[in-house]
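**Student:** What TrEMBL records for ASP162, HIS235, SER571 is active site, charge relay system. If you look up TrEMBL, you'll see 50-128 marked as domain 'Inhibitor I9'. According to TrEMBL, the domain 'Peptidase S8/S53' annotation covers 153-620. Positions annotated as domain 'PA' by TrEMBL: 393-482. Annotation comment: TrEMBL describes 687-791 as domain 'Subtilisin-like protease fibronectin type-III'. The transmembrane segment annotation in TrEMBL covers 21-40.
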Amino acid sequence: MSIFDPRSLHFTHFPSLQSSLLSFSMGFFLFFFLSLLSLASSASRDHHKTFIVVVQNDAKPSIFTTHKHWYESSLASVLSPSTPAQVLHVYDTVFHGFSTKLSPTDALNLQTLPHILAVIPEQVRRLHTTRSPHFLGLQTTDSAGLLKESDFGSDLVIGVLDTGIWPERQSFNDRDLGPVPSKWKGQCVTTKDFGPGSCNKKLIGARFFCSGYEASNGKMNETSEFRSPRDMDGHGTHTASIAAGRYVFPASTLGYAKGVAAGMAPKARLAAYKVCWTAGCFDSDILAAFDAAVADGVDVISLSVGGVVVPYHLDAIAIGAFSAADQGVFVSASAGNGGPGGLTVTNVAPWVATIGAGTIDRDFPADVKLGNGKVVPGVSVYNGPGLSPGRMYPLVYGGTGGGDGYSSSLCLEGSLDPEFVKGKIVVCDRGINSRAAKGEVVKKVGGIGMILANGVFDGEGLVADCHVLPATAVGASNGDEIRGYIDSASKSKSPATATILFKGTRLGVRPAPVVASFSARGPNPETPEILKPDVIAPGLNILAAWPDKVGPSGVSSDSRSTEFNILSGTSMACPHVSGLAALLKAAHPEWSPAAIKSALMTTAYTVDNRGETMLDESNGNTSTVLDFGSGHVHPTKAMDPGLVYDITTMDYIDFLCNSNYTINNIRVLTRKNADCSGAKRAGHVGNLNYPSLSAVFQQYGRRNMSTHFIRRVTNVGEPNSIYKVTIRPPSGTVVTVEPEQLVFRRVGQKLNFLVRVQTMAVKLSPGGTSMKTGSIVWSDGKHEVTSPLTVTMQQPI
């Protein structure tokens with residue numbers, strides 16, 4: 001039993017935003033507090049867990065020569081004499097403190113020391129698992145544009161916190177690159193499997209952090225993992241090449257997606273920080289990587305991992321990202337793959353760019369032809385021994401093949417009867433084990449093919465996987481149709497048959513982009529007044545570099561080798577934005593992280609290649625701001641946004657004050673002493689100078705309600721420019737903006753405006769929620785600076 005297991009707090013569905021937030025916060029703190037007390041009271045259950053300890057740095061007595069000695073002394077003062085004081089990591093850049101393994105009793109005792117600001121339980125996080133540059137409008141042939149203006153991101157450094165990197169891939173070659181930037185202070189850690197030649201002028205840094213992982217799981221098994229920056233999973237190599245891979249031709253995966261592979265910022269330098277291992281990504285190691293990356297001199301941090309949402313001062317990623325942003329480092333993080341349900345978005349701190357996933361105009365059709373003549377659409381990446389053309393094969397549903405039915409329906413290991421599936425195409429339901437692993441299970445017991453059917457929660461969203469046997473994925477409704485066909489054939493005493501028609505790569509798909517079914521959705525479970533995700537970017541079926549020794553399916557029996565692989569997830573969307581941020585930083589070195597995010601958000605688009613509002617892949621309906629945030633990134637427009645919403649450190653502190661964080665909580669997050677008295681009088685949570693605006697009203701029997709937003713824009717366009725406002729109010733509201741015109745005399749000038757929102761109560765059942773959306777657009781005739789405006793009505797229970 002541990003003090004706090006964040007994985008037990010998985011968001012699924014809440015009847016109202018108000019009740020969900022209340023339930024979550026009460027449940028989290030109650031569980032945390034009772035766990036501490038119960039565990040501390042029982043020595044027999046006094047198990048150890050890793051904690052992150054935030055320390056008041058200036059309280060160090062001069063008798064200690066180093067902070068580490070001070071930390072060890074602090075630990076020794078609360079530990080029993082027989083327990084060694086072990087410091088796993090020392091943090092001195094993004095915050096001051098250390099991580100250590102403690103019993104719950106020791107954690108409570110350590111918290112009583114006057115110089116200890118916080119003792120935070122470690123969270124274990126999970127990975128959020130080419131044509132995309134072309135789809136985004138980044139082309140090498142342009143005589144002007146973001147690639148040209150930024151020199152392809154040259155001399156900017158992107159730090160990728162992930163599973164490591166496979167440095168030999170051509171995506172990381174350093175041909176024609178200049179010397180390593182003089183500002184770089186990082187290092188390339190060499191080991192027996194990551195030699196001195198692994199780094200070059202492209203991959204300029206590589207480190208690994210495993211103390212937290214080993215503290216919780218014991219010494220790593222070096223026969224199955226590399227104790228080095230080398231990638232044994234593939235995820236880190238893939239994300240790094242999306243962000244900053246060089247141009248490589250020809251590129252493909254098993255013959256699919258043939259063409260030129262390139263990252264967003266092809267000349268940007270890369271630094272790999274390996275923080276994820278077979279058991280997950282541990283907060284203490286992630287913070288150590290943040291600490292190193294900022295000290296090394298990265299310009300952008302890309303983080304495609306996530307966990308449960310907790311208050312910002314208890315969130316290691318939020319803590320590390322705040323200090324990184326405060327020091328000028330742009331932090332991009334994946335929104336999570338918990339979609340399409342609401343309240344699933346993660347990495348929601350306002351100083352982090354939270355990235356959801358959309359599709360591109362390319363897919364890999366692999367349709368199912370049934371014995372009744374019906375053709376069901378599907379997708380797949382498979383080029384091995386195929387099904388004979390023109391031949392129909394016996395078709396069965398795993399769930400009717402004996403056993404307990406449930407396990408066999410999911411095609412779990414050992415659940416299928418070989419006699420039942422041999423020589424047949426097997427329908428497997430999605431869930432529990434990985435999609436490709438189901439195919440491996442079918443293949444082991446003699447199945448000749450697989451149809452992977454989405455469940456109701458997965459909806460109609462399809463992911464093309466590299467399978468180890470002929471296989472395809474179909475949506476939930478088509479899965480029902482196939483199972484219905486099998487059932488009716490059985491009742492009529494005629495055998496059900498099918499085959500799979502692999503059609504290769506299809507380009508020019510319409511509509512695109514579409515919000516990916518798996519992409520996590522809002523509203524923001526921690527701060528509903530801050531719209532999350534911020535934007536979406538390509539994240540479905542993305543081609544990028546892949547390591548040796550890992551088959552493209554990722555299953556143990558897959559011995560195939562490929563230089564590139566096709567993966568899907570917000571993990572893939574995040575590095576697209578990381579690379580774009582590097583390009584924007586190179587083109588505008590004076591821009592802050594908040595200004596870069598503003599440029600990406602206010603120029604994002606919400607219409608697809610048909611000219612209509614983007615669809616939601618899970619159900620085919622029109623998507624909303626809770627799905628895509630401000631919209632899909634538009635790199636060329638982001639280079640010249642006209643106006644930006646900049647945010648200072650003091651703005652964030654005021655936001656935390658207005659969010660009812662204590663002075664100590666704020667110090668844990670920001671390392672600064674806050675005075676909340678003025679901020680409390682100055683406004684409310686929604687007054688953070690964010691590029692989107694979200695009003696949340698509690699009805700409480702009131703008929704008329706109103707609020708206001710104060711915003712400040714900075715002119716980054718042209719001098720002597722005049723911006724006029726266009727208001728598209730959410731239905732049922734009255735929205736006014738003062739002034740209606742902003743007159744800028746010079747570049748860099750800042751002007752304020754006030755937005756008032758008035759609305760009337762709507763009829764809702766207790767606990768009910770209603771949300772309407774609109775926008776505010778500032779235009780000077782050349783630029784359109786768009787901010788989504790949402791109004792949420794909540795009926796208390």
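Placement of Cβ uses the backbone N, Cα and C atoms for every residue, glycine included.
Since we're looking at a predicted model, the values are computed, not measured.
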**Student:** Write out how many residues of the domain 'Inhibitor I9' (50-128) are helix, how many strand and how many coil, based on DSSP.
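**Tutor:** For the domain 'Inhibitor I9' (50-128), the helix, strand and coil counts are 23 helix, 27 strand, 29 coil.
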**Student:** Give the sequence-ordered list of residues that share a chain with ASP162 (active site, charge relay system), lie 6 or more positions from it, and have CB atoms under 8 Å from its CB.
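**Tutor:** ASP162 (active site, charge relay system) has long-range Cβ partners LEU127, ASP231, HIS235, GLY236, THR239, ALA240, ALA272, TYR273, LYS274, VAL275, CYS276, SER302, LEU303, SER304, VAL305.
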**Student:** If you count other C-beta atoms within 10 angstroms, which of the active-site residues HIS235, SER571 is the most crowded?
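**Tutor:** The largest 10 Å Cβ neighbour count belongs to SER571.
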**Student:** Take the domain 'Peptidase S8/S53' (153-620) and average the pLDDT across it for me.
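**Tutor:** It averages 95.
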**Student:** Please list the DSSP helix, strand and coil residue counts for the domain 'Subtilisin-like protease fibronectin type-III' (687-791).
**Tutor:** 1 helix, 66 strand, 38 coil
